[in-house]
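Asks: As annotated in TrEMBL:
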{"type": "BINDING", "residues": "ARG353", "note": "substrate binding site"}
{"type": "DOMAIN", "residues": "30-369", "note": "domain 'Aminotransferase class V'"}
{"type": "MOD_RES", "residues": "LYS202", "note": "N6-(pyridoxal phosphate)lysine"}
Amino acid sequence: VSPPQRLLQPLAVPERLLLGPGPSNVPPRILAAGSRQLLGHMHPEVLQVMDEIKMGIQYAFQTQNQLTLAISGTGHCAMEAALLNLLEHGDTALMAVNGIWGQRAADIARRLGAHVHELLKPPGEYFTLWDIKEGLARHKPSVLFITHGESSTGVLQPLEGLGELCHWHGCLLLVDAVASLGGAPIFMDQQEIDVLYSGSQKVLNAPPGSAPISFSERAREKMLRRKTKPSSFYLDMGWLANYWGCDGEPRRYHHTAPINSFFSLREGLAMLAELGLESSWERHRANCAQLCQGLRDLGLELFVKEEKARLPTITTVRVPEGYDWKEITDFLMDNHAIEIAGGLGPSVGKVLRIGLMGCNSTSGNVDRVLRALRDALECCCRSRL
């Protein structure tokens, strides 16, 4: 086999403004952190960085859980880690499905041998406490999965009262906050969330590849009562808890961690801490409101009807009648070097998704994407005449 000619050429990566559902652009400070020279994954300096990451996650999640760490993998990996550590073969799980992430969680739980029930809502809608109460009473699950920020539809799920309701029914609450962390209020301890996870590549503006996760004492006790070992050694929370210094025991080697990804995640969490959660939430809210008004001014229809249910980080708008969503996204990429996305899962072909996350959430970027969309709508319309 001859050397591939493409590999004999310099790496070429274009400059683009990433205003899709993630990943986000990485700011220079985080890029610089990720380009630091490697250290060994058991060096004390790396263990110190891991401790700082843990403190940053506790702040971002608003939790004091000791079992808090970052999975060496993306948000999908954290979803799988949460489910395979909580569920054993024959357990009953209830999945709140109003978009692709509930569907994915149900798929993973079935592969683990759980009895899976789905609580369904149409894309663009959220679950009420009554919906959840009815599902818990009917199915009696040991785990309820729900998505806080459903990036496929742009829905922000209210969480108040869910933890208390789950615990009254003897159930653990598992929440996906990949698309919402840092962009919308979440209080893990106060809201009695048992397992919460997110990803590095959205509001935290770090490259994909590490995923914050935290387990309550209730969740930890359920894992300790397991009759069988988790089906994955790599994602076994007992091993990971030790590697991250969460069990009070001397740390042991488990896997070679993505050191530079941890450097980047550390800086992303540091930038969130410096800005402050309240300021970050307000910035995302204000820029989302500006974007929504601008989209209405262009004659576009927002997909999520209720303002309180709109995810501040990812806004969904219906594809206007007579337009091809891919023609619009391609136009923005080719003519403005801006990425926005079409739908995903149940929203494919129905919506355009515009992401304003972390450092990308600015008033200037709102103006820029609105100008590009206006241009796209005019040009795509003329091309049909």
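Note that the numbers count up from 1, one per residue, in the order the chain is shown.
Cβ atoms here come from the backbone N, Cα and C positions, even for glycine.
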Asks: Compile a sequence-ordered list of residues in the same chain as LYS202 (N6-(pyridoxal phosphate)lysine), six or more apart from it, whose Cβ lies below 8 A from its Cβ; state 'none' when nothing qualifies.
Replies: GLY22, PRO23, SER24, VAL178, ALA179, LEU181, GLY182, GLY183, THR313, GLY355, MET357, GLY358
Asks: For the domain 'Aminotransferase class V' (30-369), what's the model's average pLDDT?
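Replies: Reported value for the domain 'Aminotransferase class V' (30-369) is a mean pLDDT of 97.
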